[in-house]
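The structure appears right after this line, and notes come after that.
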Amino acid sequence: MARESRESTTLDSHSAEDQMELLVIKVEQEESSPLAEETSWLGSPGPDRSRQRFRAFRYPEAAGPRQALSRLRELCRQWLRPDMHSKEQILELLVLEQFLTILPGELQAWVREQHPDSGEEVVALLEYLDRQLDDTPPQVPDDDDGQELLCSKAVLLTSAQGSESSQMEPVEPLLKQESLGSLPSEVRVTHVGHCGEDGVTATRLTSELQGLLKMEDVAPVLSPRWTEQDSSQMNLYKDGMQEHSGSLVSLDQDMQTKVRDLPRAEEYRDQKPEQTVCFLGEDTVPIPTGAEASEQEGKLQAAQKSATGTRRFYCRECGKSFAQSSGLSKHKRIHTGLKPYECEECGKAFIGSSALIIHQRVHTGEKPYECEECGKAFSHSSDLIKHQRTHTGEKPYECDDCGKTFTQSCSLLEHHRIHTGEKPYQCNMCPKAFRRSSHLLRHQRTHTGDKDFFVPEPYWESQSRVESHWENIETPVSYQCNDCERSFSRITSLIEHQKVHTGEKPFECQTCGKGFTRPSYLIQHQRRHTGKKTSVTVTPAVHSEVGVQLSLN
């Protein structure tokens, strides 16, 4: 009894060691596989690779339970990417994986070759494949079409088998030795890349590893109507395949070396159609181009639209996509500069009709957006949103440097200039520059003396416009006094000087009643009464032409 116990213990230890050796071999094969080299070269594994690593992880690979749990969390994060994906996107990834898992083995592998991003794309691919196969009758292929038909069927099956082997998942035998016994054993399809615009990719199929084709196993997967054929029709089609099987021959070693250098399936999106060919024995079959390729692409887009209910329209200039063709047509006007909608009042043109409607409110005075709190109305919805923040106290725009918050993004941009020191608004008549356009306008009045001078803020965004604007304004070089012919560079200086001739002293001390021509003189005088530097309010005289009132700290 003890001997049997020792033997069982020895067998268990040997079994555990064998399992560990298998796991080590599997990990080494995984690390040395071309896909691992590819992912290490790219810097991070793709979604499919990350999912496989998460599913293939086993407890013996870790040093302990804590390390195993930590490793699982790391692999799961690499697969689902919670830092980039939302909860809905993560849920879609899990549903997509389960959807692919429940598909039949051959069909599942073919769908994985297409790299779908959602379950709706899987549905579109399956419905498209089923319609394509339903359009092909199960008849004996002619000499001209036999090779092409046989290649298309074999490509569908072998692409699935090649995908499963590359993903390191258990592969069920796709081809069996039980039927088509007369088919030569050297028959194989060599991987040559893209075989048509429908995204089907052929992969290598060796009869030594996978056996021969069995119609009874493959037909139900391709389309449900194959199961409705009687035995005579199945045998007839089988004989046709046997007759044309000789055309599927392997390429020589030199050609296989060249084939391995061809781009992968996902790179064919950027490859020109005329550069892609499908080799069949010694014949070269060009991929459909031009109108034929556009027709196939249109069928696939129609299938995707019928399955998902959506269709994307892409701009060739910038790649932006739209759900409706009208949106794409409107977007193209940005590149062409076309503005078909013109205002009848002022002649200003716009790209879209909605922009014209909003502009017309300037002329009509319409303000359809009303605040429910205070009843104030606005012509733009964005203005109403900004106004409502005054009631709610919301300040969504925060400065990264000091943490100060603002209700509008433009206020945050102006505030940033305090930290950066940027002063984009420069006076064209003197070296002074300002952070705000309003400060520039206020400063320009010291040169022109025009109190009503105003230019809208967006107008000053371009420095060239500022320069061209001031070139068109005729301003005197100096301001001359009519009494003594003294000249001044600023009109404010001239006004202060004229008080010398008129004897006007508009700034009066409230304590003793003494008057002064300048507010600075009054401030100095009031310090004699207070004996310290305090806040002083300077009030001009009643009949003063200047009318200056200021508060100094």
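If you go along the chain as it appears here, the first residue is 1 and each next one adds 1.
Glycine is treated like the rest: Cβ placed from N, Cα and C.
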- Note on the structure: Matching 19-41, 272-294, 479-501 to Swiss-Prot annotations, zinc finger lands on 479-501
- From 88-110, 341-363, the residue range that Swiss-Prot assigns the feature zinc finger: 341-363
- Item | Listed range which Swiss-Prot flags as zinc finger, given the options 162-184, 185-207, 231-253, 369-391 | 369-391
- Composition by DSSP (helix, strand, coil) of residues within the zinc finger (479-501): 11 helix, 4 strand, 8 coil
- Item | Tally of DSSP helical, extended and coil residues in the zinc finger (425-447) | 11 helix, 4 strand, 8 coil
- Reported in the order helix, strand, coil, what are the DSSP residue counts of the zinc finger (507-529)? 11 helix, 4 strand, 8 coil
- Measure the Cβ-based neighbour count of Thr448 (phosphothreonine), defined as the other Cβ atoms within 10 Å of its Cβ. 16
